[in-house]
């Protein structure tokens, strides 16, 4: 039988590996491990309330991102991706002419509008795929050493999907419709891109410039797909 490897964590301050986050001395006595490199707690967030961690993540703090990516077993990125796509499709669907009008449940128009929603969901999924593909392509071409294993690719994909959580704000932005709704949507998009940039930086331990270039190329490929779709219509 093979020897089971102990999990490897990361210091949220300096990104160095650590074999443990804390030591349990029993009777509820815990002692947070101190990083041998930077002499700071490996992960102070293990004592924090989840709300505080979420606030720090919304502030795009690298420490909060490292805590979530390396020191937790969170695995909701797949479900979060689907829900974010639904939010984006719903936002676009509400902006269609007559989408908010009430119709007879048996009316053909109602079903046509329903298919519009499915179509917009598919378009949002394609655009998201193009965005992710753009990031991976530029990293493979410019910095191939960063993605030299399957685990690196999966970690980056997980980081990018989790960093899309800002898209959940699309729904209240549209429901509370007002004159400044278009501005809100642009600000939400900017926030999501900022989160994506921080996710790339933390997942691959690269500079802000490198992560910004990767995200910019992803946006470029996504916009190219949008232009192709619009010209096709």
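Cβ atoms are placed via backbone N, Cα and C, with glycine included.
Segment annotation: TrEMBL labels transmembrane segment over residues 155-176 (candidates 67-88, 89-110, 155-176). According to TrEMBL, the feature transmembrane segment maps to residues 120-143, out of the candidate ranges 24-47, 120-143. Beyond its flanks by at least six residues, the transmembrane segment (120-143) meets 81, 85-86, 88-89, 92-93, 153, 156-157, 160, 164, 196, 200, 204, 206, 210, 213-215, 217-222, 224-226, 229 of its own chain at Cβ-Cβ distances under 8 Å.
Tertiary neighbourhood of the transmembrane segment (155-176): same-chain residues 57, 65, 68-69, 74, 76-78, 80-81, 83-84, 87-88, 90-91, 94-95, 128, 132, 135-136, 139, 147, 184-185, 188, 191-192, 195-196, 198-200, 202-204, selected by CB-CB distance under 8 Å and a gap of 6+ residues from either end.
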